[in-house]
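In TrEMBL this protein carries:
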type	residues	note
COILED	65-92	coiled coil
COILED	218-245	coiled coil
TRANSMEM	360-393	transmembrane segment
TRANSMEM	413-431	transmembrane segment
TRANSMEM	499-522	transmembrane segment
TRANSMEM	528-552	transmembrane segment
TRANSMEM	564-583	transmembrane segment
TRANSMEM	603-626	transmembrane segment
TRANSMEM	684-703	transmembrane segment
TRANSMEM	715-736	transmembrane segment
Amino acid sequence: MLQMANWSIFGVKLNPHVNDFQRRYVTEVRRCNEMERKLRWVSGELPEPPPPPKPSPRVLTPREINILEERIDYIESEIQEITRNAQNLKTDYLALIELKLLIEKTQTFFQDHSAHRKISASVQIYNNEAVLGHLGFIAGVVATARVPSFERMLWRISHGNIFFKQAQIDEPLKDPVTSHELQKTVFVVFFHGEQIKLRVKKVCNGFQATLYPCPATYKEQQDMLAGIETRIKDLEMVLEQTEQHRRLVLTNIARDLSTWMVVVRKEKAIYHTLNMFSMDIVKKCLIAECWVPRCDLHILQKALDNGVKASGSPIPSILHHVPTLEIPPTYNRTNKFTQGFQTLIDSYGIASYREVNPALYTIITFPFLFAVMFGDMGHGLIMTIFAAILVIYEKKFLKNKTDNEIWNIFFGGRYIILLMGIFSVYTGLIYNDIFSKSLNLFGSSWKNVYDEDTLRNHSLFSLDPKDSYTNTPYPLGVDPAWQFASNSIIFLNSFKMKLSIIFGVIHMAFGVTLSVVNFNFFKKAEMIFLQYIPQILFLLLLFWYLCILMFMKWIMYSADATDEALGTYCAPSILIIFINMMLLKESTAKDPCKPFMYDGQDIIQKTFLAIAFLCIPIMLFGKPLYQMMMAKRQKQYRRGVESGEVTKQETPEESMGEILITQAIHTIEYVLGAVSHTASYLRLWALSLAHAQLSAVLWQRLLKMGLRGVSPVNAIILYLIFAVWAFFTLAILVLMEGLSAFLHTLRLHWVEFMSKFYEGHGYAFLPFSFSAILEQDDIDVKEKPNGGPPQ
C-alpha cells in the first residue's frame, strides 16, 4: 500500500455491500483517529508551530504502532496533568490577587469621611463575621459588566435597606483557564439582619461574585496583607517553575510531533483503504478492485513486487485485468503549466470518459480571446511581469504556504496570467495602443498635403485617401496616424466589431468540428451525417458567409477605385445585406452604386438560406428516425435470442417520446444559439472599446494635467498626479478590467465554445495518494478547532 500510495496511480472501488461496522480494519481506523486527535491537541498546546516532518520512507509495524500509541497516551496524560496543576495554581494566584486588591480597596471604604470613627468604634468580630453593632457587611469581587444589574438586584431584594460601595480594579486580571483578560470590581455590602444577609449571599452566588473574608480593623487588614504578599511571591515562583517544566516537555515533543502526525495519517489512510478490500473465502487473502491508468500498469506491478519484498512474504501479489461494464473515471495528466487550464474546464464539468478534452485548445484560445478585450501593451506588460515573478520564484512561494485565498488563486493561475499578459502585449501591438498612446515604429502611411500657412490657420484637416495615403499599408497593426484622427473611434469600432464576429464564428465552428472526434471514437459515424454536417452547414452558410462579405468589402472597395461602383461612397452595410438575406428582401442602391456586391449574389444567398433551413429538419428528425430503425433491428434481434439463434444481450431501448423531446430541445438550442452566441462574441469588441476609452480618460483627464506646467512646483505636482494615475491604472484597468475580461472569456469558452461538443458527465479519477491525503488533512485541521482532551 505504501508503494502504491507514493506513486498515486490507483483508485480503489468501495464495496457497497458491507457497512462500516463489518469492515475488517474499523478498530485500527478508530485507533488512528484517536491518536490523531491527541496529537492535534498537543500541537495546539505548543507555543510555536512544530518543525516540518522528517521523511518516513516505510510504514510502521504493528508493534511500532503500539509503542507509538503508548507514548502518545503518556504524553497526553503528562501534559494534561501539568496543565491541570498550572490551572489550579493560577486559580489560587488569582484568588490571592483579588483578596489583596479587595483589602486595599476596602481600607478606603472604612476610612471614608466621618463614618470611620463610628465604624471603627463599634465593630465586633464573631466567628470571622464582621458586625457593626447590628450592621454587618460582606465583601467580594464581581465582573465589572455585571455591577449595574448586581447593585439593582441587591437594592430590590432588600427594599433599599443596604449600603453598597464599589471600586473598579484598574489593571485587568487573567482568567486561569482561557488566559482572557477579566475586568473585575471590588464591592462591599452593608446590611442589617441575618435574613438580608442570606438574601445578599444568594444574589452574590447568582451573579458569580467571589466572596472573601475581610477583617474590619486596620491592624488585622495589614497583617493579612503581609501574609498574602508572601504567599503571592511563593506562588509566582512555583508558577514560573511549572511553566518552565511544561515548556521543556513541549519542546522535546515538538521535534517529533509533525513526523508522528504524518505517520498516523498515513496509517489511517492505509487502513481506510484496506477496508474497501474484500476477503477471499478462506479469509487469508485481500482482494481489491481498482482503476489504474493503462500506461501505468507496469508501475503498479513494480509497486506490488516492491511491497512483497519489503514485507518478506513468500506469496506474490497478483495483478489481473477484470472486464467491467462500469464507466471508468476520467483522468487527464497535467503538469504545473496545464493544471490551471484543466481546472477551468473541470469547473464546468468533468469530461466523460475518453471524451475530447478542450483544455489543450484552451491554452491558446483562452489567453487570445482575453487579449482581444484587454489589448494594451503597457497593461499587458504589467501583467506579464507580475506572472513572470510568480513563475520564476514559484519554488520559494510553494515553501511559504498561506491561507490567503486571493493569493492562492493568483499563484495557482500564474501560467494563465503569464500567457494572458503575453497575448495582451501582442494584441496591444496590433491595436498600436500603449497606455492609450501609439508608437510610430515604421513611419505612418499617411502624408501631409497642406502648406505651412494652411496648417497655421486651421486646427482640423481632412485627409483624402486619394491624395494623402501612400498605398503602402502600415507593416504591423493600426497606423499611428489614427491616434490624432477625430473619427478614430468610428474606425476602431467598425474594425473591432468585425474582428469579434470573425473570431467568434471561427471559434464556434472549431467547437462543432471537435464533435467529430467524439463521434469517431465512440463509433457513432451516423451522427456525423445526422448532426455534425447539418450543424456546420447551418453555421457556415449563414454566419461564415457574413464574415466572407466583410473580407470582400475590405478588398473590393477603396478610395482610389477606377469604378465608381467600387468607391467608398458605394461601400454597402454588411449588416443590412445580412438582414435582407434573412428576410428575403430585395436590396436597392442609388446610381452609380450596385445593389449587390457581386454578380449572382441574390441567387447564392437564397440558395445558402434554403440549404441552412433544410438542415433544421435533419437535425430535428434525423437522430430519432435512425434510432427508430435501430429499434426495429433490436426487436428482430431479441426474437432471435428467444428462439436460441443468438445469445448476446442488448441494452433496453429508450422511449421514442423522450428521444423526440430531447432532440427538439437540442435542435432549438443550437439554432437559436447560433444567433445568440454569434452576437455574444460582440463582447470582445465592447470590452476592448471600454478598456481603450478608460485608458484614454486617465491619460487626458489626469496625467496630461501634470505635463502642462513648466514651473519647478509642477515637478512635485506631476509626482503626485503620476502616483494617482498609477494607482487607478493598476486598480481599475489592470485588476478590475482584467477580472472582467477573464470572466467574459470564461463564459465564451463554457457556453459558446464547449456547448457545441462537450458533455461533461464524467467523474474525476481520485488515486490513493499520500500527498493528496496529507494536504486535505491540513486544510481540515485549519478549518476545524484542535482536538481537546477527553472529558
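Each residue, glycine too, has its Cβ placed from N, Cα and C.
For the transmembrane segment (413-431), same-chain residues at least 6 beyond its ends with a Cβ under 8 Å from one of its own Cβ atoms are 336-337, 340-341, 344, 363, 366-368, 370-372, 374-388, 390-391, 394, 476-478, 492, 688, 692, 738, 742. Only residues 6 or more beyond the boundaries of the coiled coil (218-245), in the same chain, are considered here, and those with a CB under 8 A from a CB of the stretch are 82, 85-86, 89-90, 92-93, 96-97, 99-100, 103-104, 106-107, 110, 120. Within its own chain, the transmembrane segment (564-583) is flanked in space by residues 465, 498, 542, 546, 549-550, 553, 556-558, 589, 592-594, 597, 605, 608-609, which lie at least six positions past its ends and keep a Cβ under 8 Å from the stretch. Restricting the average to the coiled coil (65-92) gives a pLDDT of 89. Packing against the transmembrane segment (499-522) from elsewhere in the chain are residues 354-356, 358, 361, 365, 369, 372, 528, 531-532, 535-536, 539-540, 543-544, 546-547, 550, 674, 677-678, 680-685, 688, 748, 752-757: each is 6 or more residues past its ends and has a CB under 8 Å from a CB in it.
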